[in-house]
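Enquirer: Relevant sequence annotations retrieved from Swiss-Prot are reproduced here:
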type	residues	note
SIGNAL	1-16	signal peptide
CARBOHYD	Asn17	N-linked glycosylation site
DISULFID	Cys26-Cys122	disulfide bond
DISULFID	Cys76-Cys128	disulfide bond
Amino acid sequence: MPTWMLLFCLLCVTSSNLSSALEDNCKTFSTTLPNMLRELRAAFSSVKTYFQTRDKLETKLIDKSLLEELKSYLGCQALSEMIKFYLEEVMPRAEENELDVKEDVGSLGEKLKALRLRLKRCHRFLPCEDNSRVVKQVRNTYKELQEQGVYKAMGDFDIFIGYMEEYLTMHIGK
């Protein structure tokens, strides 16, 4: 048998196994989600005090309007945009400017990336396209806070985890 045919057969077998593994992964998501959120909270606890003690502003970055939007038809997009906001804006800035906690913030980011990847693979959790006005407001406030924005955003990360948990728990039963 030619080598290319053997490789093609191997690819077909591997891709079907991968596809069924991904489906199984989504079937068990409701049982693994609490552990993923617990790991996210544990990773955040290692930097929580650092950022919250440096947050001297009374400005609210994350409030109940985000939770309400997560519960609305835009929930999927709001969650997707908030994860992107933390991964692409907040955490890189926190790692760059706060060398004392760089490694811990990096670890927190990796856990959030793993959760995002899992959510994207299981389409029923993130099947969305519309833009979120609340997340836009969060981003605008973050930018207005300039240097203090990173402390505010990282200090509020636990609120975001709680809201994310509510959104995901609401969708597991569907």
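Every residue gets a Cβ built from N, Cα and C, even glycine.
Since we're looking at a predicted model, the values are computed, not measured.
Can you tell me where each of these features sits in the structure?
Expert: Secondary structure at Cys122 (disulfide bond), taken from DSSP and collapsed to helix, strand or coil, is coil.
In this view, Cys76 (disulfide bond) is surrounded by 21 other Cβ atoms within 10 Å of its Cβ, with every protein chain counted. For the recorded site, Cys76 (disulfide bond), the DSSP three-state label reads helix.
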Enquirer: How many Å separate the Cα atoms of Cys26 (disulfide bond) and Cys76 (disulfide bond)?
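Expert: Distance between the two Cα atoms comes out at 17 Å.
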